[in-house]
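Peer 1: According to Swiss-Prot, the protein has these features:
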type	residues	note
BINDING	38, 39, 40, 41, 42, 43, 44, 45	ATP binding site
DOMAIN	25-182	domain 'Helicase ATP-binding'
DOMAIN	430-592	domain 'Helicase C-terminal'
DOMAIN	621-656	domain 'UVR'
MOTIF	91-114	motif 'Beta-hairpin'
């Protein structure tokens, strides 16, 4: 299938049809940058989906963290069930980069733990981009980090079709070059096995499907897709494309050329260090690099091989590394979600990485070429990005400058809900007034969100409200993911009436039951009380038809003035639209997606076990590995029903871990 097809009971409504038309008109007129100013609850994701369907272009959606990326991925997958919706984020559950602290003469080795499920999804994403056009890839900012060359990745692909001739030994050798491992006993992702005239391949982009190649001599007769757990045949395939088990696969000739390049740079660097009278650094660099060269010669790989990536990709010093952007077709479309956060994040990535590696190079731990194993500079990202739509309720200065301040607004909500009423009250005696407002709000059956400036104040306020017998909880940065979701569940169900936080009541926290957002010390100018922060926080009350926001301030700051004026402007537009179309605003309850994932876990594990697993990534990985072994053991004992149950539990845990990462 080459066309995008939305499967949904909803049609564009409110501002959505106009916004979709305007963005598409801008794309058609070759505008490189546009802004979709979408307020909370206006249906930004659904609007993006309709733009994708109508333009029918491969799309990359960038989000500023894994959690937001997972939410968008889940929503897009439900909207486009017949198309390729993929997920591309960092595959590390844990990552400690190598570093050297000169002050204490401490070298920290690289240490990491790779999430197999996310690695699988990364392979599925690059594969889809090379195989088809109806592709949406939802990514975190990790898409600007170095990836294997798309040219080599595609060049080394093995294309299999029934009726063609494939010399057996050559095919097995090709699979090994693709970094597939022969394993006739334990058959898992990234492996192949040989049984008589059959070769079974477990592709790197599947978790529950494998391919069986049936040969007559050297002729490939059939390709069957089968369940690797039960052995049941699922489908007969007309062709199969086997891509590398790593994005860094390369032919032997490339490895040989790289080794020559590394040796040449090593000699130049050693001469330089000697001229600087640095015997320790000279000896250290020579020893470490010679060991890596020996490993590359013998195995084609070495620990930290990514630090030599420039030699494998054929790039010159200082040139940008290949990234996911090079896998995108020329006519691809880019959405940058919550761009007011994502764009500064992209800008910051290069400098932090560079500072750490310069120290390693200076002290003889790495060759200067290691500096080219890096994320894209902001200027490079700016050059590589295709036509872009920046999506935010509060666009940043870069986006506004790129578009000349022109925005496409999504202000009318399909539900008819208005932006909340904003009330400014004196900060003097703010707690006393807050308690009165809390009583009024709770009496209506609504919940209250309170945002403070400091952790100490949040803790003290929570304790004080609890003393007054209010059902109060405190949300802060040290709350683990699972506990955070539990708190949100308790808030929505009424177990908690009041939630106190600092900077956690902004993007992505949608509570329809919230009738009041109280912003304490709103006149203290700064990051937490900037125009952007205030507008985002005000938006938390926009899911409720009776939602109100109280800003406690003794003076009117520029940020308060702009935030309240903008909210009032939007509210008036919404009121006029509702009056014209006879719409009565109504609160719509919506399940928090991550909450649904938590319920899934809860049904499989007891609460204590769930907390233990999700508070400790290492224990979660161990538990998943244990389940895999139990599943394979059950299958080998022909206990397929038990194996299927374990597989379902395993899938639930892996999906939940992805959602909650």
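Numbers run from 1 along the shown chain.
Yeah, the Cβs are placed from backbone N, Cα and C, and that goes for glycine too.
For the listed features, I'd like the structural context: burial, neighbours, distances.
Peer 2: Residue 41 (ATP binding site) falls within neither a helix nor a strand when secondary structure is assigned with DSSP, and so counts as coil.
Mean pLDDT for the domain 'UVR' (621-656) in the predicted structure: 72.
Note: the motif 'Beta-hairpin' (91-114) comprises 0 helix, 15 strand, 9 coil (DSSP; helix = H, G, I, strand = E, B).
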Peer 1: With a radius of 8 angstroms around the mean position of the C-beta atoms of 38, 39, 40, 41, 42, 43, 44, 45, what other residues of the same chain does the ATP site pick up?
Peer 2: 47, 393, 410, 413
Peer 1: Given a separation of at least six residues and a C-beta threshold under 8 Å, show me what packs close to residue 45 (ATP binding site) in the same chain.
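Peer 2: Spatial neighbours, sequence-distant, of residue 45 (ATP binding site): 72, 75, 76, 79.
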Peer 1: Check the binding-site residues 40, 42 for other C-beta atoms within 10 angstroms of each C-beta and report the one with the most.
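Peer 2: Of the binding-site residues 40, 42, the highest Cβ count within 10 Å belongs to 42.
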Peer 1: Among the binding-site residues 38, 41, 43, whose Cβ has the fewest other Cβ atoms within 10 Å?
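Peer 2: Relative to the other binding-site residues in 38, 41, 43, 41 has the fewest Cβ atoms within 10 Å.
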